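J.: Okay, so Swiss-Prot annotates it like this:
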CARBOHYD  143  N-linked glycosylation site
CARBOHYD  167  N-linked glycosylation site
CARBOHYD  353  N-linked glycosylation site
TOPO_DOM  1-26  topological domain 'Cytoplasmic'
TOPO_DOM  48-52  topological domain 'Extracellular'
TOPO_DOM  74-105  topological domain 'Cytoplasmic'
TOPO_DOM  127-177  topological domain 'Extracellular'
TOPO_DOM  199-206  topological domain 'Cytoplasmic'
TOPO_DOM  277-290  topological domain 'Cytoplasmic'
TOPO_DOM  312-397  topological domain 'Extracellular'
TOPO_DOM  419-442  topological domain 'Cytoplasmic'
TOPO_DOM  464-472  topological domain 'Extracellular'
TOPO_DOM  494-520  topological domain 'Cytoplasmic'
TOPO_DOM  542-571  topological domain 'Extracellular'
TOPO_DOM  593-615  topological domain 'Cytoplasmic'
TRANSMEM  27-47  transmembrane segment
TRANSMEM  53-73  transmembrane segment
TRANSMEM  106-126  transmembrane segment
TRANSMEM  178-198  transmembrane segment
TRANSMEM  207-227  transmembrane segment
TRANSMEM  256-276  transmembrane segment
TRANSMEM  291-311  transmembrane segment
TRANSMEM  398-418  transmembrane segment
TRANSMEM  443-463  transmembrane segment
TRANSMEM  473-493  transmembrane segment
TRANSMEM  521-541  transmembrane segment
TRANSMEM  572-592  transmembrane segment
């Protein structure tokens, strides 16, 4: 046990362990790992679908009682024990080694599909250097006499995404072929990641200044431009208008808790690895609070930026809807051109409905409400590659804004990949399973190459379906289980008193009552509640996916299909296999200890001198 005034007995264990050049590198690395694509395309969606400003109430409650306490534990144990995820948990208890292996496994799986998202971003980024943008118009059909029917039915942006980028199949069972343009982008992405992590924190520490700070510059530029566009005020009003009644819905609280959990990248092992390179007496409490608050403020900042642009898109779509209706009225009733303005349209329509309802009823008039267009938001890739991309399309200088947007997404994803790869590479070195003569550059290259080969399946025509499966099942339940085991392991196995002594030694201040209560009671209860809620949701949800099928009668809506049986088995395996490391390693350690005791007992019996007997 480390005393506040004593020497650290662990410092000499790894004197040669690399250290950050300065504190800013460490903070930016943790922020870059935590602040990822989810801050841009998931939090704004949750905020606007769950009561606007009302969603911030459960969000910040989850931040205070779940996110920050768990984050503090990870930074503290990484800094104190100076090891990666596997080494930390083996040091705390050999029976908890499975937690580290589980975190390692999830980081590996997430790295596979996360870098695939980056290849999509890279493809759009490269195509943004064209004028006009390639998704601004439909291509001509084979006869060169009209436009491709699929594009006319779905829209230019959706067609470019689903057909010209993914070339997606209409069923997950039809794997299709490798899309070579995506394959080359995958090569470029993994090469970029390798060059950035080739020397661990020595190389990522240099790159992180750009990858972590550039997104904030672009968000600020977009915010300034967005606030000057028509409809920005309506978008922000729609986003933050509170609906307090929605707080009665338990799903809102679950989504808030899970968003905090995944947004901070808890239980991946990356933060433990980053903290292990700190000076032993660094103030990790201040770091945990600072990074967590920056992460949450970034989510809010991104939401304001995104919905200022989305308000412009909705206003633009609303205006075009009115223009189409006005044109129909002018053609039907022989009004002079430009005789009906958008402001006059409601009163003119009301008059015609009262005087000539039969003629009006025959017209293909659409119902135009600004709120309906604001409702057409999306989460995940749908926001980045379809909704927001279409919004940028209507902005003056669209190519410039597209380059900035996808450049921002690429740097966001790249800095998150640094943390994922640290969660994979650092434990491998800490386990000492490799010959000491193997250079770090070689080992890092082998890991990146294995990840690249494993991720080739995502470049198939059915690859996006598989990415959705990995995104939905590979991390969610596993990380919740690992986080719960982290709290239990530190508080009840390592010992709360010993842990508090260590923190006092590192920071010079003993953890307050708030920290101890959240670690002992609140955070474990919240994690257990999230785990049960996830199990219930999985049991209630149908094992289905939405396919892009031009032959579907309701196209361009995506057709809902059930996963084949073998795919459902894959989903179950992804959900629980990494977690099986926990009982598996504990059982193996138990058997090992039992075998050792059995050997020692028999050895003692064999060496014990036999009593002399009389004649």
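Positions of Cβ are set from backbone N, Cα and C atoms, glycine also.
From a predicted model like this one, the values you see are computed outputs, not experimental measurements.
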J.: Answer yes if the transmembrane segment (521-541) and the transmembrane segment (256-276) have at least three CB pairs under 8 Å among residue pairs 6 or more apart in sequence, and no otherwise.
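T.: Contact confirmed: at least 3 Cβ pairs fall under 8 Å.
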J.: Are there at least 3 C-beta pairs under 8 angstroms linking the transmembrane segment (256-276) and the transmembrane segment (473-493), leaving out pairs fewer than 6 apart in sequence?
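T.: Contact criterion met.
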J.: Fewest neighbouring Cβ atoms within 10 Å: which of the glycosylation sites 143, 167?
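T.: Least crowded of the glycosylation sites 143, 167, by Cβ count within 10 Å, is 143.
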J.: Cβ under 8 Å, sequence separation of at least 6 from the ends of the topological domain 'Cytoplasmic' (277-290): give me the contacting residues as numbers and ranges.
T.: 8, 10-11, 17-20, 23, 26-27, 30, 68, 71-72, 75-76, 78-80, 82, 201, 503, 505-509, 511
J.: Answer yes if the transmembrane segment (291-311) and the transmembrane segment (27-47) have at least three CB pairs under 8 Å among residue pairs 6 or more apart in sequence, and no otherwise.
T.: yes
J.: For the transmembrane segment (256-276) against the transmembrane segment (53-73), do we get 3 or more Cβ-Cβ pairs below 8 Å once near-sequence pairs (under 6 apart) are dropped?
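T.: In this chain the transmembrane segment (256-276) contacts the transmembrane segment (53-73) - 3 or more Cβ pairs sit under 8 Å.
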J.: Excluding the flanking five residues on each side, which residues at least 6 beyond the ends of the transmembrane segment (53-73) place their CB within less than 8 Å of a CB in that stretch?
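T.: Answer is 46-47, 240-244, 246-247, 252-253, 256-257, 259-261, 263-264, 266-267, 271, 284-285, 288-289, 291-292, 296, 300, 483, 486-487, 490, 515, 518-519, 522-523, 526-527.
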J.: Restricting to CB pairs under 8 Å, which listed stretch, 27-47, 106-126, 572-592, is in contact most with the transmembrane segment (207-227)?
T.: 27-47
J.: Could you tally the C-beta atoms, other than its own, that fall within 10 angstroms of the C-beta of residue 353 (N-linked glycosylation site)?
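T.: Neighbour count, Cβ to Cβ under the 10 Å cut-off: 12.
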J.: What's the CA to CA span in angstrom from residue 353 (N-linked glycosylation site) over to residue 167 (N-linked glycosylation site)?
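T.: Rounded to a whole number, the Cα-Cα distance is 46 Å.
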J.: For the topological domain 'Extracellular' (464-472), what are the DSSP-based totals of helix, strand and coil residues?
T.: 9 helix, 0 strand, 0 coil
J.: Roughly how many Å lie between the Cα atoms of residue 167 (N-linked glycosylation site) and residue 143 (N-linked glycosylation site), rounded to a whole value?
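T.: That comes out at 21 Å between the alpha carbons.
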J.: By a Cβ-Cβ criterion of under 8 Å, what residues six or more beyond either terminus of the topological domain 'Extracellular' (464-472) are in contact with it?
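T.: Distant Cβ neighbours of the topological domain 'Extracellular' (464-472) are 109-110, 112-113, 116-117, 166, 168, 172, 380-381, 457-458, 545, 547, 567, 570-571, 574.
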J.: Roughly where does the topological domain 'Cytoplasmic' (277-290) sit in mean pLDDT, to the nearest integer?
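T.: That region's mean pLDDT is 94.
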J.: What are the DSSP helix/strand/coil residue counts across the topological domain 'Cytoplasmic' (74-105)?
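T.: Breakdown, helix to coil: 28 helix, 0 strand, 4 coil.
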